[in-house]
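Structure first, then comments.
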Amino acid sequence: MIKIENLEKVYKTEEIETTALNGINMHVKTGEFVSIMGPSGCGKSTLLNVMGLLDKPESGSYKFLETELLSMNDKQRSNFRKQNMGFVFQNFNLIDELTVFENIELPLIYNKVPATERKRLVNEIIERMNIVNRSGHFPQQLSGGQQQRVAVARALVTKPKLVLADEPTGNLDSSHGNEVMELLCELNEQGTTIVMVTHSSHDASFSNRIINLKDGHVISEKINKSRTEELI
Amino acid sequence: MFKLNFKIALRNIWKNKTSSLINISGLAIGLAACLLLLLYVAYEYDYDTQTIDTGQTYKVMINGRDANGEVDGTADATPNAIAPLLKQNYPAVKAAARIEGQGKRLIANGAQTLKRTTYFADPDLLNIFDYHFIYGDKRTALTEPNSVIVTASTARMLFGTTDVLNRSVRYDDKTDLKITGVIKDLPGNTSVSFDFLLPWSLNEAYRSWIKRPDWGNLNYKTIIRMNPETDIKQFNRSVKGVIKQHASWSSNEMVLFPLSKLHLYDTFVKGESTGGRIDQLRLFMGLAIGILLIACINFMNMATAKSEKRAKEVGIKKTIGATRGSLIGQFLMESMVLTVLSTTLAIVLIELCIPFFNRLLDIQLGINYSNSSIWIGLMGVVLITGLISGSYPAFYLSSFNPIQILTKRNIKNGLFSVNLRQILVVGQFSFAVILIIATTVIYQQIQYIKNRPVGYEINQLVELPQEGLLYDKLDVLRERLAKSGAVLSLYQSSGTIATETSWFSGMEWPGSSEADKLQNFSQLATTYDFVKTTGVKLVAGRDFSRSFASDSAAVLLNRSAVKRMNLKDPVGQTVVAHGNKVTVVGVFEDFILGSPTLKGSPLVVAFMKGWGGKVTMRMNPSNSVTENIATIEKIVKEVNPAYPVELTFVDQLYAEKLKTQRVLGILSNLFGGLAIFISCLGLFGLASYSAEQRTKEIGVRKVLGASVSSLMQLLSFSFLKMVAFAIIISVPIANYVMNNWLQNFEFHTSISWLIVLLTAAGTLAIALLTVSFQAYKAANANPVDALKYE
Ligand SMILES: Nc1ncnc2c1ncn2[C@@H]1O[C@H](COP(=O)(O)OP(=O)(O)O)[C@@H](O)[C@H]1O
Ligand SMILES: [Mg+2]
């Protein structure tokens, strides 16, 4: 599904230049659940952001289902993103002024889904996420785990082909973290491709494959046998 | 989407109550001030537009020429012969009417007596002004000499109803008139403002000489309506010499000037209109826009200051698919919502202020809600204000790169935004400082003019229209008042001493040339006791005296007149005035008769028995004023029972002359103050926001041992720097502008550096107070709370 070649990303500030990605080569198959691991500052988030079209690399190629995405203009990227991708962040990133229901509804609005259809889709996912009695609440009124479930719901409501998650459990205690991981697994089993950045090898153990980064390079790759066999 | 954005907007307003309050109330005050000023401007612009064909309605103006043949005066005082002549001989003239104001006259329904403003007018006036007839027929209403048109409120006061057609009223205690028309009350902004209107034929019946064409007596006003396709320039050329054709001795020329423009463009130099009230009006328009801008700047500042909070929302929305356009739309809509709320509040404010404002300026402003152009204008203001105030935050916020925001990198508000915000604050305060300095200079100038010695005993004088028996029984009145002890002395005169009422030319004196005959002199006709009553200072000779029979052909001159005539030893010399030889018996010091902003002009006080109009009395200062007034009223009523006693204090009349200056003073004080208030409101909001944003930093600094005062310095300094910078920019500008303004007055004060210094210090102090209140709050907060807050 995804094929990345020689991706380079350099951040320039007034004083220093940081090479965040230094010739990344990787691929992701449709239906796969890939974890990206590595020490802090090695470029994981940068890679994920590039994959999510939130950031532009200096050079390289990024093919998504045979379409080259890096040559697109802003408008095309934005369109592609909202139709194909969903995001889950470490700090949830819910809009404080909107209720749970409205937060989840927002991507559907941007995708111009008609109102009745929106209502149906949001209610469906709210039920699935087990947050029905929270739908009128505002984010601040929820626990971290609940907030992250809302964030996942929001990422899923458009039925994206690819979900990108940047340390989704980073701000959660282990039991809430596990809930979220189980949710992602379930999702993956239903066919959604997932790329997740994580620090935790426990979380990574839920995935099919683990890519290790260091200083903007892929240094190793490990297939998680127990999960992958059932996939093949 | 719209609904959702609308919800976000409302929730944001609700969540940030303080800043919303500052935003909405600041904008509301700004809008109210702006709209009120614009209402006032519109009121002035609509002056004399209550005509049937405003574009074709003109007033006849007369250009007078001086000794050198230069046009030295332009006025709307015309002879009685012009209107009939134009109507008869010029097909381009559709209607022409003479009018003559009579001031306040008696009108009575039996015992129900009123004194109301009236005019004599040709019937054609009804074909020029678009009066709304409730009863009566405008084609015949003024044709009979014994008819009268009354306004609705006059009718109601006399009869208790407006349905009074064909009823009879008594005019001036001598003539019975039939009411032939009842019209809607006139608005405040018309120059032909009356409570009842009399036919010209009645004027002619009273004074037979008015029937005869007289090219020398410029006692009347002439208003004409032209046919639509007239080329007015050419018409003016063709009538320029008309007066000379009929009166070869006259140097006067007539010219038509649009009636609706005359109110605003009433200053003429060498026959050309050079401005007038319009200058003041432009100032107010600038003020209106300036105040609104200040309020808008507040709004922009607050919104961009809040951008860090809003950035997250922007980032998320962009990540999940919002386009830049939709975000711009959202923020613009938010500012629209606030603007609409502010406008609603502003209208409430205006409605509360209008009665006060009207009383202050003596006008009749009001919002006419049934007028669609008001709504269109309002919508326009809302839209423009919303766009101006929302555009910067909208474009700025929507430009954020989502990932930078969400990872909190590189969004320390960007260099650009900080600079722009600073520029806005500096601009805002510069404007405020200019306004304060302008306001104080205007105030000082008004004080300066007010404090100019008037030259007569203004505070002891009261005057009274000379009516009815007050002509024949003047000596009786004088005796009785003197005996009562309320009045020291009195005199009759052709006009008030409070203002110039009459001019003449054709004066000759020893050594005068033919050209000198064109020199205009102010004149006041009187009999005995002028100097004694008014207290003007004689510098040579004496007052008119009963012991000199020859004084029936005598004049007094003021110092300027003597100077103009270049007389070495004026007393005893013979001069010619109005074709009669008269002797100069005295010279007095110039006193302020015309505008207090002008230097003295030549004045001739002539002894003329038959030309009265006013009785002016000097009250006895050893009694209280109320006692004196009561006594005077009682005695005058006894002497002249048919007329109500209308005493006017001369100092009040004098104050009327400063009305334009007073309006300017009031408005600039009021709105200058508002501008400063709104600026400080903005500073307050910005300071509180910056303090809130730096809560964590302050906490850390405090934990490390910073003192409250050092923290306050830290927080206040950047703001004070901006205000100081604003002062440095604005002082020279204000200085330049106000110096120019002062040059408009022959008598003017100068800008004192003390005032400028005080203004600067005051502004800094207010800003310091505003900011340090917030800084103190932030610096005194418990550091642990501050750290937890993040
Ligand atoms: N916007 C930016 N500006 C400058 N440097 C950046 C920026 N974003 C990331 N970096 C740098 O790029 C490198 C990789 O960052 P990141 O991808 O966030 O690492 P992580 O693997 O911890 O997610 C780091 O050295 C970081 O400092
Ligand atoms: Mg990271």
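Backbone N, Cα and C atoms are what each Cβ position is placed from, and that goes for glycine too.
TrEMBL labels come from automatic prediction, so no person has curated them.
What TrEMBL annotates here:
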DOMAIN    B:20-240  domain 'MacB-like periplasmic core'
DOMAIN    B:287-397  domain 'ABC3 transporter permease C-terminal'
DOMAIN    B:520-597  domain 'MacB-like periplasmic core'
DOMAIN    B:670-783  domain 'ABC3 transporter permease C-terminal'
TRANSMEM  B:21-43  transmembrane segment
TRANSMEM  B:283-303  transmembrane segment
TRANSMEM  B:336-357  transmembrane segment
TRANSMEM  B:373-397  transmembrane segment
TRANSMEM  B:418-443  transmembrane segment
TRANSMEM  B:670-691  transmembrane segment
TRANSMEM  B:703-731  transmembrane segment
TRANSMEM  B:751-771  transmembrane segment
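Sequence-distant neighbours of the transmembrane segment (B:21-43) (same chain, 6+ residues past either end, Cβ-Cβ under 8 Å): 13, 188-189, 281, 284-285, 287-289, 291-292, 294-296, 298-299, 302, 338-339, 341-343, 345-347, 349-350, 353-354, 357, 361, 363-365, 367, 377-378, 381, 385, 389, 667, 671, 674, 677-678, 681-682, 684-685. Listed as Cβ neighbours of the transmembrane segment (B:418-443) (distance under 8 Å, sequence separation of 6 or more from its ends, same chain) are residues 287, 290, 293-294, 297-298, 300-301, 304-305, 392, 661, 664-665, 668-669, 671-673, 675-676, 679, 682-683, 686, 719, 722-723, 725-727, 729-731, 733-735, 737-738, 741-742, 749, 751, 755-756, 759-760, 762-763, 767. Residues 27, 31, 34-35, 38, 292-293, 295-296, 299-300, 303-304, 307, 310-311, 314, 327-328, 330-332, 334-336, 338-340, 342-343, 347, 367, 417, 420 of the same chain sit 6 or more residues outside the transmembrane segment (B:373-397) yet have a Cβ under 8 Å from a Cβ within it. Sorting each residue of the domain 'ABC3 transporter permease C-terminal' (B:287-397) by its DSSP state yields 96 helix, 0 strand, 15 coil. Beyond the ends of the transmembrane segment (B:283-303), by six or more residues, the same chain brings 19, 22-23, 26-27, 29-31, 33-35, 37-38, 40-41, 331, 335, 338, 381, 385, 388-390, 392-393, 397, 421, 424-425, 427-428, 431-432, 435, 664, 667-668, 671, 674-675, 678-679, 681-682, 685-686, 689 to within a C-beta distance below 8 angstroms of the stretch.
Only residues 6 or more beyond the boundaries of the transmembrane segment (B:703-731), in the same chain, are considered here, and those with a CB under 8 A from a CB of the stretch are 422, 425-434, 437, 683, 686-687, 690-691, 694, 756, 760, 763-764, 767-768, 771-772, 774-776, 778-780, 783, 787. Taking Cβ pairs closer than 8 Å, the transmembrane segment (B:751-771) reaches residues 429, 432-433, 436-437, 440-441, 444, 676, 680, 683-684, 687, 715-716, 719-720, 723-724, 727, 731, 734-735, 738-739, 742 in its own chain, all 6 or more past its ends.
Summarised by DSSP class, the composition of the domain 'ABC3 transporter permease C-terminal' (B:670-783) is 97 helix, 0 strand, 17 coil. Taken through DSSP, the domain 'MacB-like periplasmic core' (B:520-597) splits into 17 helix, 28 strand, 33 coil. Within the model, the domain 'MacB-like periplasmic core' (B:20-240) shows a mean pLDDT value of 90, rounded to a whole number.
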